[in-house]
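Annotated features in TrEMBL:
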{"type": "DOMAIN", "residues": "5-239", "note": "domain 'BAR'"}
{"type": "DOMAIN", "residues": "284-344", "note": "domain 'SH3'"}
Amino acid sequence: LQFTEEKLGQAEKTELDAHLENLLSKAECTKLWTEKIMKQTEVLLQPNPNARIEEFVYEKLDRKAPSRMNNPELLGQYMIDAGNEFGPGTAYGNALIKCGETQKRIGTADRELIQTSAINFLTPLRNFIEGDYKTITKERKLLQNKRLDLDAAKTRLKKAKVAEARAASEQEVRITQSEFDRQAEITRLLLEGISSTHAHHLRCLNDFVEAQMTYYAQCYQYMLDLQKQLGSFPSTFLSNNNQSSTTPAQSVSTPSVLASASASLPSVSNSVVTSGISELKSSSGSRKARVLYDYDAANSSELSLLADEVITVYSIPGMDSDWLMGERGNQKGKVPITYLELLN
């Protein structure tokens, strides 16, 4: 009745003090954002909604979800199988196997990131939502009930006409007031714990960042090793399949972060350009060269290449430093030096 009359504006309502109101809104705000961050972190770590639901169901049943290959592991397995099928002795087959092994390592790092983040970051956040915040909600409801009791007693006191009824009503107001004050104090103490929740979640956030740093550092190292194993990918790979595109692949802008990261890598041309090529460029002679990778000519001035074939190469004065002239029988055209290995 008291609640209904308040809503209709027919009864007075005891307001909570400003400090308690502030604490309540801080707790609500913390709950709202903790939930959003928690859910989006889950999406980031496991983008597949079906897998997330499955894990949730197994968790509720207190059982371990069946172990399945994750996406990088699956891709890695396909690459390894394809490489074995094409022949580990061929350039492409060998490269596929190496790439597949690296993808599998990334898959393992992925698992470790998910596991560490779940323990150090997601679990504490979930514990707050399902534990501390539920307690706060329960005590807050109790406070609301105590306030309604107090205001109902105040209303009865106002309406009491005879002295006896007034005395009984005053006694009721005193009791309900002290119960309300006690519950307000309990609620306040719980809400003041939100500051230490923030401090705890800050430590958890640092752990999450640490786990991500480890993961990205591992992935970077794996890719670096893979690039070395493959003799580093030629820069001209980019233009292989882009003949129809209007902008040359080389002109695609690189984010500054990547640019600074790649500054520390051995440059592609340096690792492949041997002293033999510089000798060849300064002399007017020709040399035999083995083709390392397939290459599709971008136009009629270039020569298409097949991996493992041997061609004759020589330099022409004024030619771009990244190219040589290549000859195969009566066919001739420009070839990128990063695709070649000079033979003695």
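Just so you know, the numbers here start at 1 and follow the chain as drawn.
Just so you know, glycine gets a Cβ as well, placed from its N, Cα and C.
The DSSP breakdown of the domain 'SH3' (284-344) into helical (H, G, I), extended (E, B) and coil residues amounts to 3 helix, 29 strand, 29 coil.
For the domain 'SH3' (284-344), the model's average pLDDT works out to 89.
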